[in-house]
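Taken straight from Swiss-Prot:
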ACT_SITE  S102  active site, phosphoserine intermediate
MOD_RES   S102  phosphoserine
BINDING   S102, D239, D241, D243  Mg(2+) binding site
Amino acid sequence: MAKDLFGTDGIRGVAGQYPLDRDTVYAFGVALGKDAALHAAKPEILIGADTRESGTWIAELVAGGLASQGAQVRYAGVITTPGVAYLTRTGSFVAGVMISASHNPYDDNGLKVFGHSGFKLPDDEELLIEQEIFRLREAPVAPQPLSLTVEEPLVRQYLKYLSGISSVRLDGVRVAIDCGNGASYRLAPELFQGLGADVVTICCEPNGRNINLNCGALHLEALQQAVVAHRAHFGVAFDGDADRAIFVSSSGQVVNGDAVLLACGRALKAAGKLAGNTVVSTVMSNLGLERAFDAAGIRMVRTPVGDKYVLEEMVRLGAALGGEQSGHVIFREYSTTGDGMLTALRLFEIAQQAGTGLDELTADLKIYPQRLVNVRVREKKGLLELPAVAKEIRRVEDAFGGAGRVLVRFSGTEPLARVMVEGPNLEQVESFSTSIADVIRREMGE
């Protein structure tokens, strides 16, 4: 049975509107509390949030629902998604809830659940929780929010863990950090200052409404300018919940998740720590990355988009490294989810050991032209079953003759069809992606 509430990254929506209205959020807490009671007599549940203004009332409603089922709730306050995953798997928690909509605007929010092992819940368990939510909504009760007190030691515990992972010292290194006015706004500057870095911060002043606003991992212009203006050795931008990072080299060039995977994959292989000489990525990763891995004797395995699917394949294969072009990178030895700050630590360490900057680490990576077009759609059903869409995709694939790629899929979190076309010629890529998007827009656009 297909899920209606849970997407590729939990439940997402506009805060205050279904499925993040007060009744449904409270029902989510009740449903999760019932699920948790199956695993422990007095389950402890961790809650964390990013900096959105809706985070507090959502947390209190979730907590109220959990408490109604006998669960004990502990609140970390503002913390990153990987912070919640880490604390959940290392503490006594049955589950952890992160309240965030990642890179989305401030008026969106979301609910992401981690099991006691620190992994996102499997689809079948999400479906059971979802079915209970629907049952509860048939006879709703007045939500009873629970006032929460932030337990700062929880955040300190996560920061201490990160600080101890790497032997890297950043004395004499200038790092520019864009926290996207999100969950990392305190933690990232403190982490890198503690390692000796001279830290330049931008967009580290959240007000509840400026998260991801022209800043962070999806808007790199300000960071690029800051790196060049302050002559920083590295720049790093996090998204709203800091489960991903995108980097900027000292020359102001963007270093995305594909380049990070290549640098980290080769370093792990050289150290004898790349299990099976395999790296897991997604269908969005560039052809150039696949060919660079081939040249290095590393196999790249692709999954559907979503770090959840990357991690599932990593576990299945026993892989040590996986990630996405968007900047989610998973080091399985240290984390059960993408962690932007951990990725930064590892990448800076690799650059330091190589005695180079970020530009030089992946100078041989040839990026094929790639274009992504988003088309807003009426509903997310039957995209590839539409004859006109299927015909246009076949036409483009035939024209490429095996030299390019076409990927058409629905977004897991928004009412969008995403068209990705990649090939050796930019003009051709732009033409083909536009033609496919036009057909989709005509067939099922809003």
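Placed from the backbone N, Cα and C atoms, the Cβ positions cover glycine too.
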Check: same-chain CB within 8 A of Mg(2+) site center, minus S102, D239, D241, D243:
D50, T80, T81, S100, H103, G182, A183, A217, F238, G240, A242, R244, G338, G340
Just to be sure I understand the packing, how many Cβ atoms besides its own are within 10 Å of the Cβ of D243 (Mg(2+) binding site)?
35
In whole Å, how far is the residue listed as 'active site, phosphoserine intermediate' from D241 (Mg(2+) binding site) when you measure between their Cα atoms?
5
Report the same-chain neighbours of D239 (Mg(2+) binding site): residues 6+ apart in sequence with Cβ closer than 8 Å to its Cβ, ordered by sequence.
S102, H103, G180, G182, N212, G216, A217, L218, G327, G340
